[in-house]
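Worksheet: one structure, shown below.
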Amino acid sequence: MDIGKKHVIPKSQYRRKRREFFHNEDREENLNQHQDKQNIDNTTSKKADKQIHKDSIDKHERFKNSLSSHLEQRNRDVNENKAEESKSNQDSKSAYNRDHYLTDDVSKKQNSLDSVDQDTVKSKYYEQNSEATLSTKSTDKVESTEMRKLSSDKNKVGHEEQHVLSKPSEHDKETRIDSESSRTDSDSSMQTEKIKKDSSDGNKSSNLKSEVISDKSNTVPKLSESDDEVNNQKPLTLPEEQKLKRQQSQNEQTKTYTYGDSEQNDKSNHENDLSHHIPSISDDKDNVMRENHIVDDNPDNDINTPSLSKTDDDRKLDEKIHVEDKHKQNADSSETVGYQSQSTASHRSTEKRNISINDHDKLNGQKTNTKTSANNNQKKATSKLNKGRATNNNYSDILKKFWMMYWPKLVILMGIIILIVILNAIFNNVNKNDRMNDNNDADAQKYTTTMKNANNTVKSVVTVENETSKDSSLPKDKASQDEVGSGVVYKKSGDTLYIVTNAHVVGDKENQKITFSNNKSVVGKVLGKDKWSDLAVVKATSSDSSVKEIAIGDSNNLVLGEPILVVGNPLGVDFKGTVTEGIISGLNRNVPIDFDKDNKYDMLMKAFQIDASVNPGNSGGAVVNREGKLIGVVAAKISMPNVENMSFAIPVNEVQKIVKDLETKGKIDYPDVGVKMKNIASLNSFERQAVKLPGKVKNGVVVDQVDNNGLADQSGLKKGDVITELDGKLLEDDLRFRQIIFSHKDDLKSITAKIYRDGKEKEINIKLK
């Protein structure tokens, strides 16, 4: 966000600061308004609005000015800190170079002194008498053994100190890195006090203290003389310094431990004895160097790392070595010159130790400076850590403020998300269940319409068989067609079954074989039959619970095209329980039936037409609707060439009327008017002229014979009368005349007939009782 004067800050930070600034100003304004309690006049509302808008603009300007001044002050502070850090870095670099050159000069002087002492000892030792050497060999071995123990103990202590000093730590690394930037002039006084304190603590031994004080006057001027040379030298890089130190250490080892390999065997023994003393001298020097400054090939170890101050054990060890050296000088002064040289070497090693101690005091001052710089660096690191923690605290405070400001909205948002997820899961499960239910409903509906009704109906349909009597006058081929048929259990009373079938199925036999769907059979008795309706009732007894009574429907409510099922036993028992499906093809059909098989129709059967497959053996079978209720009984089919699926069933309402009388009476009483008739369609021209029939009359019947004292005779009918209408219905032939008369079998009321007599039309009432 650009706020002017080349200051750019993040937009979120700008908004946050602006919000805080405005909040503080608004709070102050509210306090002032609360104190003043000034009333605002309604007439000056427009002016007040303009002033408010102007105040808001001024408020933004004040915020930008305050923010820009704050950022400028922060930039100035940053630049001042950078300048101070660069200045401190330069001071530390110069101090580092000065200390580095001083340390190198001291190490060079020590190396040169070591080489001179070792050459002197060797030359004097080899000039001594061989006999004196042999006489003192045993004593030398004892003393050398003691010296080895002392030197080994001292080496262990030195190695432990070296291990501690050479181990790099994170604090040392930070001290070496940040020491250059933390030196200031104020540290010089502290370094001086530290040097005095360390020198006083490190020289508690009276003997060593006197020697050190006596030698300081000799060594310090030499170091001061070499300061000019050190300052004139060019600073070395870190790899060059490491290489130089490695070469110096190799030279020391070569000068200290190598002697002539071409000497005689007896001299080699003395050299070995001498080597037990020379390593002690070198060990003293190495320990002093190890205390002062550790040089390691590892580049991680800094060459300027100062050692720790001498411990009490080191000082005691030095005192023991000093006492032993004096003891050797007193014991060997009268025997051999070798021991004198050895005491001289020991004395010089003591001087070297004193010089090293003096140098050690100076290095302790450097150590004090290093510790001071380390403390400063630690303070800086602590301040950085505190800044980081403060930043983290700021972030946490921002998050807390954000949560406190918007937690209701966040909770509502989370609740909405959870609610959406739950509702989605619920709706998915509901839709899945709905799809499953739809599939199940579809399967159940399919089973209900096609199979359930069929399975229930099969339990109510039986096979009816009769045996034609041997003396039957009917031809065998015609009688054989009626030997096997079907029946329907329309009523069940306990173990008693009432079965309806066709009259032409039972024939003239009183007993019938009834076979159920489970292949069990019983013998049934014919209660009654009616050839004009082609119906019969058979009574049977069975305790089989699998046989069920069929449900009765209503044939007056049939609909054209209504689906139906036909259940029967075509061709006998082998194919019992056959189910065929179809529809109602026609209603109110009048089907001529030839009962006695004389090729002459005997009766018009009132039926409805179906297109389901019907075969011989289906006669008397059940026709059920989509609800599984009985709506008709199969009665006939048309068996003609090129004619298919034209079958007929007697409506169940007509069946109920017939079977009721057959159960009680065993027969049906029809009215008989006592006449014989001929169809007009069958008359020839002479017969038409004889009865004086008008030419327009094409259909009707001619009375051919009237019984004396019959209903027709009582009604006034005479031979030669032509009947064209009966009971208000057009009369086609004698089958229709019988059908109309039989339809009034229950009421037996008189009916009106329209006749032609002697060519004249007239009406008469025909009595039915």
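Positions of Cβ are set from backbone N, Cα and C atoms, glycine also.
In the three-state DSSP reading, His504 (active site, charge relay system) counts as helix. The feature active site, charge relay system is assigned by Swiss-Prot to His504 (among others).
Residues or ranges marked as active site, charge relay system in Swiss-Prot (evidence: sequence analysis): Asp534 (among others). The C-beta environment of Asp534 (active site, charge relay system), restricted to residues of the same chain at least 6 apart in sequence and closer than 8 Å, consists of Asn502, Ala503, His504, Ile593, Phe595, Met603, Met605, Ala635, Ala636, Ile650.
Sequence-distant neighbours of Ser619 (active site, charge relay system) (same chain, six or more apart, CB under 8 Å from its CB) are Gly485, Ser486, Thr501, Asn502, His504, Val505, Gly568, Val634, Ala635, Ala636, listed in sequence order. Feature annotation from Swiss-Prot assigns active site, charge relay system to Ser619 (among others).
The feature compositional bias 'Basic residues' is assigned by Swiss-Prot to 1-20.
As annotated by Swiss-Prot, compositional bias 'Basic and acidic residues' applies to 21-64 (among others).
Taken from Swiss-Prot, the feature compositional bias 'Basic and acidic residues' covers 71-108 (among others).
Here Swiss-Prot flags 126-137 (among others) as compositional bias 'Polar residues'.
Annotated compositional bias 'Basic and acidic residues' per Swiss-Prot: 138-186 (among others), in sequence order.
As annotated by Swiss-Prot, compositional bias 'Polar residues' applies to 247-262 (among others).
Annotation source Swiss-Prot lists compositional bias 'Basic and acidic residues' at 264-296 (among others).
Annotated compositional bias 'Basic and acidic residues' per Swiss-Prot: 310-330 (among others), in sequence order.
The compositional bias 'Polar residues' annotation in Swiss-Prot covers 331-347 (among others).
Swiss-Prot lists 348-364 (among others) with the feature compositional bias 'Basic and acidic residues'.
According to Swiss-Prot, the feature compositional bias 'Polar residues' maps to 365-390 (among others).
According to Swiss-Prot, the feature domain 'PDZ' maps to 680-733.
The region 'Disordered' feature in Swiss-Prot is assigned to 1-390.
All chains included, 23 other C-beta atoms sit within 10 angstroms of the C-beta of His504 (active site, charge relay system).
Per DSSP, the domain 'PDZ' (680-733) is made up of 14 helix, 13 strand, 27 coil.
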